Amino acid sequence: MTKYIFVTGGVVSSLGKGITAASLGRLLKNRGLNVTIQKFDPYINVDPGTMSPYQHGEVFVTDDGAETDLDLGHYERFIDINLNKYSNVTTGKIYSSVLQKERRGEYLGGTVQVIPHITNEIKERVYRSGRETNADVVITEIGGTVGDIESLPFLEAIRQIKSDIGRDNVMYIHCTLIPYLKAAGEMKTKPTQHSVKELRSLGIQPNIIVVRTELPVSQDMKDKLALFCDIDTKAVIEARDADTLYAVPLSLQEQNMDQIVCDHLKLDNPAADMTEWTALVNKVRNLSKKTKIALVGKYVELQDAYISVVEALRHAGYSFDTDVEVKWVNAEHVTAENVQELVGDTDGILVPGGFGDRGVEGKIVAIQYARENKVPFLGICLGMQLASIEFARNVLGLEGANSSEINPDTPYAIIDLLPEQKDVEDLGGTLRLGLYPCKLSEETNAYNAYNEPVVYERHRHRYEFNNQFRPDMEKEGFVFSGTSPDGRLVEIIELKDHPWFVAAQFHPELVSRPNRPQPLFHDFVRASITNKESK
């Protein structure tokens, strides 16, 4: 029978529930269990696809085209699985589904209520995740903090699941904070006690408490928490700030967290073999070289907006025993006069995805600098579109060349709306989303990176390269090295007379893994290291 683990949070948000859940998933997978994982977000948006990155961080896209929470990126990178649309559920999705059923008459004229209709829909999403993946264990993270009014239906639903399928099949893990008060020189357990008290008042008794802390938690403090929270002392797990996220699974294993889980859920699996993971963490902690990459974006104040890009750069660096330092460059501040000052000390330049016109001209200036000064360059999504526009303007001499998204009246729409998007009015969930094939041309940097004729990558875009400009740009050394299999859509571009200048319409960062870097990032970082060594 499938087992269910629920991870909740208390005291404050951003405690690392997602990392805790992902780390536990890694440990259970390494015990030979088939693990899947999902995130429940209490906000009323149907998905984060139309939310500002300042509100939510990056939007993580799954193979099947779901626009999801950035925690799913952590889940995929840690557990090394590909998740799907069932892996992220919001209050908006739940209510939308229930209201559609009500309109279809599925409730037979009854009064639709939070209990049982909303809670039953939530429970169905939990069970469906297990059915669709045939998982041994389903880990569900509940977003937000215990005590939030938005979370109440989710907490009631997961309380009911224990009654539905039995205590041996359900486990509750609660993540809290033990703050350190400098003035008093003390760590305080009272916020955790109150958080657990609140959770218990809702009918949920946590089986494990994971406490975030800056300093070590004494045995006396663990005993005190265990007494007041009614759990075993060994089930108080310390989660101190780590030097690398990838060390967290090892810390949890050292405290036998995965064994406690298996004992409670009656799972008789051998101990997790973390030899390979330990080697990875040791490598990360002992990188001997450095390279600096300029990330030129418009959301650089909130680095979570580009979290998968940064992780993909780091993964690539691990392959070369190199610590990749990211220099955050606000695209709105970049001009032709100061670009040398802002990016001249870096070994490579990356322009990530985005929407809208803010910061576009600064990104184009940075791309021109990379092209003219032979600096390794990687463009992603909008970065690929702007690389095409920069080339059209400054090599072909097409003054005013632009994207019809940014300037609908441009005389040269190098980037234009996909034909199937012409009549689309809704913004949410209507882009070209998910995994699509890309055919590569031989003897190109893209082909050399993948070493395969056809690759599959995840997309999230509405605009595409305008094919009427392909012949003129090819004549000037602009290479279309990757296209859709029918040749209609441009997927990857690069430059002939440049050491390494590649840009992709898709989002390669979404499939990178710490022990298996994404090929374009791998070769981009290698080119950046070579550039540094040649200076």
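Residue numbering: from 1, along the chain as shown.
Quick reminder: no glycine exception, Cβ is built from N, Cα and C everywhere.
If you look up Swiss-Prot, you'll see 1-267 marked as region 'Amidoligase domain', on the strength of sequence analysis. Marked as UTP binding site by Swiss-Prot on the basis of sequence analysis: S13, K188, T189, K190, P191, T192, Q193, K224. Summarising the annotation, Swiss-Prot assigns CTP binding site to S13, D148, I149, E150, K188, T189, K190, P191, T192, Q193, K224. Per Swiss-Prot, the feature ATP binding site maps to S14, L15, G16, K17, G18, I19, D71, R240, D241, A242; the stated evidence is sequence analysis. The L-glutamine binding site annotation in Swiss-Prot covers Y54, G354, L382, G383, M384, Q385, E405, R462 and is backed by sequence analysis. What Swiss-Prot records for D71, E141 is Mg(2+) binding site, and it gives sequence analysis as the kind of evidence. Sequence annotations record features per position, and here Swiss-Prot assigns domain 'Glutamine amidotransferase type-1' to 292-534 based on sequence analysis. Sequence annotations record features per position, and here Swiss-Prot assigns active site, nucleophile to C381. Feature annotation from Swiss-Prot assigns active site to H507, E509.
On the structure: features taken from Swiss-Prot.
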residue: S13; record: UTP binding site; CB count, 10 Å: 11
residue: G16; record: ATP binding site; CB count, 10 Å: 20
residue: Y54; record: L-glutamine binding site; CB count, 10 Å: 11
residue: E141; record: Mg(2+) binding site; CB count, 10 Å: 26
residue: I149; record: CTP binding site; CB count, 10 Å: 8
residue: P191; record: UTP binding site; CB count, 10 Å: 15
residue: Q193; record: UTP binding site; CB count, 10 Å: 16
residue: C381; record: active site, nucleophile; CB count, 10 Å: 23
residue: E405; record: L-glutamine binding site; CB count, 10 Å: 20
residue: R462; record: L-glutamine binding site; CB count, 10 Å: 16
Span of the ATP site, taken as the largest CA to CA distance across S14, L15, G16, K17, G18, I19, D71, R240, D241, A242 (Å, rounded to a whole number): 19
Densest Cβ neighbourhood among S14, T189, T192, Q385 (binding-site residues), 10 Å radius: Q385
Position of peak Cβ density within 10 Å, selected from the recorded positions D71, E509: E509
Candidates S13, I149, G354, E405 (binding-site residues) with Cα within 10 Å of C381 (active site, nucleophile): G354
Cβ-based isolation winner (fewest other Cβ atoms within 10 Å) among the recorded positions K188, K190, K224, H507: K190
Assigned conformation of G383 (L-glutamine binding site) - DSSP reduced to three states: helix
Rounded Cα separation (Å) that holds between P191 (UTP binding site) and S14 (ATP binding site): 15
When distances run from the Cα of L382 (L-glutamine binding site) to each of the recorded positions I149, K188, T192, D241, E509, the nearest one: E509
D241 (ATP binding site) CB neighbourhood, other CB atoms within 10 A: 9
Candidate recorded positions S13, T189, G383, R462, H507, pick with smallest Cα gap to I149 (CTP binding site): S13
Site extent for L-glutamine, whole Å (max Cα pair distance, Y54, G354, L382, G383, M384, Q385, E405, R462): 23
Nearest-integer angstrom distance between the alpha carbons (Cα) of D71 (ATP binding site) and R462 (L-glutamine binding site): 24
